[in-house]
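Structure first, then comments.
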Amino acid sequence: MRRSLSLLLGSLLLTVGLLVGAQPSWAYPFWAQQNYDSPREATGKIVCANCHLAKKLTQVEVPQSVMPDTVFKAVVKVPYDTDVQQVGADGNRTALNVGAVVMLPDGYTLAPQDRLSDELKEETEGIYYTQYSDDQPNILLVGPLPGDEHQELVFPILAPDPKTDSSISYGKTQIHVGGNRGRGQVYPTGEKSNNTVYTASVAGDITAITGGDAGASVVTIAGDDGNVEETIPAGPALVVAVGDSVDAGEALTDDPNVGGFGQMDAEVVLQNPVRLYGLLGFLAAVAIAQIMLVLKKKQIEKVQAAEGV
């Protein structure tokens, strides 16, 4: 019950923040959840890349191996230059936010609060985790969060126990991670955001540049089939002027985007304790055998010395 209330509260807080925040909320993993049954396509691409077109580095750190029914942490790193600012939805400059999606193997879940160490509680303070869906507890989302405070996102993970879940097997499995900083260039509807380059739809001469609604600019291009008006929202800076000639597809603005998305895979081994104990027993036997050989050799040397050999 407590876990359900916690998840509900986290979802409500995230939803409110997304709806009232200055940045378009679809810039973060939360919105992949609204449009895709799974955040990972058959090709291996995480769907966040459909809206975040720029590629940026994302890193993940996980233990090489874990024991059943133990808590470990996956650290997703979303680095960027904190001195830069992005274009907000209203065209003003604003700080970047970050988000991440972690796709764990089946059986792995978010660790419950009462299983976290004091260190993990401190590292995860202020981070709200949500499941991708009710039937996918192994897929976790975080964000948006202030990037200057959360370039490292810690996910506390509970490893499964094959003894209590027969569908889980020991061995090596993969973790898929996606990390994002900043807003997207395309909305889920396919429309451009104001955080991307705007180009000319036709070739021709620019005959006028006028102001539009909410700080937008309207660029009029005289083409072969008449005038075409290109509406540029507040944010991108115009790089053309009246009298310029442009080709179809030529940039009318700069590229204001300073963020981007990256993904990475990692591997984790669910160790079988019996095999581990067997290995430790074998190593102990080898060590004892070596010690016995050394002692036997010294005993022989003493006997030989006593006999004057």
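Glycine too: its Cβ is placed from the backbone N, Cα and C atoms.
Quantities reported herein were computed from a predicted structural model and do not represent experimental measurements.
Residues or ranges marked as signal peptide in Swiss-Prot (evidence: sequence analysis): 1-27.
What Swiss-Prot records for TYR28, CYS48, CYS51, HIS52 is heme binding site. Packing around HIS52 (heme binding site) is summarised by its Cβ count: 28 other Cβ atoms lie within 10 angstroms of its Cβ, all protein chains included.
Within the chain, the transmembrane segment (276-296) has long-range Cβ neighbours (under 8 A, six or more residues past its boundaries) at 67. The transmembrane segment feature in Swiss-Prot is assigned to 276-296; the stated evidence is sequence analysis.
Look at HIS52 (heme binding site): DSSP puts it in coil. The most crowded of the binding-site residues listed here (CYS48, CYS51) is CYS48, judged by how many other CB atoms sit within 10 Å of its own CB.
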